[in-house]
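Below: the structure, in structure tokens.
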């Protein structure tokens, strides 16, 4: 069977995607699979690379080069294709794409239009989980605790910034955290200790999205639970992100590696059971399939607040998701195998729904 690996992408998380793809390629069982590389450049070109039958030697091999004219010429490692050309029989797509145009439902909708099986969550789940404001509305209705927050639209802020500042300061206390509504890997997030910093933080967030969310800052540990499955959902014991930085931003995650992971997290039994329960509720309410990682805040009073649910968590060497499953006895290669089977099962189920409506 062939796996079509989509990676790169136009989002700010392009480089993270390449790192994740390299790790996935080193975990796949090549005895059973061939892997077709499809690299999406930062400019949006889809570049078809070689068909791999063994592990790549370097992640630099994944940065495919191509002739801008689109011709197949010597000296280049790939060729530009139309996105629809990825459709093949006997293949499943693994979209190792993070952020907008990757895990926000757009690529999932495209793959469903092509009628291709793929790994991970569907269109609606991906779109809702990627949007921090929508996620909070849904999970609030489901009774999953979250920190206090204020959604802020860019046009509202531009029309009357004082009203927005008053609204935030009337509902929240400093420090506050400001985030783009649609972005991952902590891109565009900043901490505000006063009104001036809040203004700067909103300006930064609006560089990535026209919608932002302002959250109450709290003193808390950060624990994460991995979720796997379609209808039959399994969770891991939580792991903890141990930081030596003010907050877990993009550079801390992927550039400076200023974090450590404690797996499993040292928390009371009732805390990890509650985290697993909330993770299952969140996953189910959002219609999850395949995989997700649920991130929580844990206060010194053992209060849990769900921060976010990632439908395509990082798969790099520093990433929590595969490490959490490894701690549960599921090897990286076996995890990939399960994800592929879950994607096939979901596709077959969806085909059955179409046939039932004919």
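Cβ atoms are placed via backbone N, Cα and C, with glycine included.
Annotated domain 'ATP-grasp' per Swiss-Prot: 136-341, in sequence order. Look at Swiss-Prot and you will find 169-224 tagged as ATP binding site, backed by sequence analysis. Residues annotated as Mg(2+) 1 binding site in Swiss-Prot, with sequence analysis given as evidence: 295, 308. Marked as Mg(2+) 2 binding site by Swiss-Prot: 308, 310.
What Swiss-Prot annotates, mapped onto the structure for a quick look.
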residue: 169; record: ATP binding site; DSSP class: helix
residue: 176; record: ATP binding site; DSSP class: strand
residue: 190; record: ATP binding site; DSSP class: strand
residue: 197; record: ATP binding site; DSSP class: helix
residue: 204; record: ATP binding site; DSSP class: helix
residue: 211; record: ATP binding site; DSSP class: strand
residue: 218; record: ATP binding site; DSSP class: coil
residue: 295; record: Mg(2+) 1 binding site; DSSP class: strand
residue: 308; record: Mg(2+) 1 binding site; DSSP class: strand
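Within 10 Å of the C-beta of residue 295 (Mg(2+) 1 binding site) we count 20 further C-beta atoms, all protein chains included. Residue 310 (Mg(2+) 2 binding site) has its Cα within 10 Å of the Cα of these binding-site residues: 295, taken from 169, 197, 211, 295. Reduced to three states, the DSSP call for residue 183 (ATP binding site) is coil.
Note: the CA-CA distance between residue 169 (ATP binding site) and residue 308 (Mg(2+) 1 binding site) rounds to 23 Å. Ranking the binding-site residues 176, 204 by how many Cβ atoms sit within 10 Å of each one's Cβ puts 176 at the top. Cβ-based crowding with a 10 Å cutoff singles out 183 as the top-ranked of the binding-site residues 183, 218.
Among the listed binding-site residues, namely 169, 197, 308, the Cβ with the most fellow Cβ atoms inside 10 Å is that of 308. Within the model, the domain 'ATP-grasp' (136-341) shows a mean pLDDT value of 92, rounded to a whole number.
For residue 308 (Mg(2+) 1 binding site) paired with residue 183 (ATP binding site), the C-alpha to C-alpha distance reads 11 Å. Around the Cβ of residue 190 (ATP binding site), 19 further Cβ atoms fall within 10 Å across all displayed protein chains. Separating the Cα atoms of residue 211 (ATP binding site) and residue 295 (Mg(2+) 1 binding site) is a whole-number distance of 21 Å. Counting only the Cα atoms, the space from residue 183 (ATP binding site) to residue 295 (Mg(2+) 1 binding site) is about 15 angstrom.
Cβ neighbour count for residue 310 (Mg(2+) 2 binding site) (all protein chains, 10 Å cutoff from its Cβ): 24.
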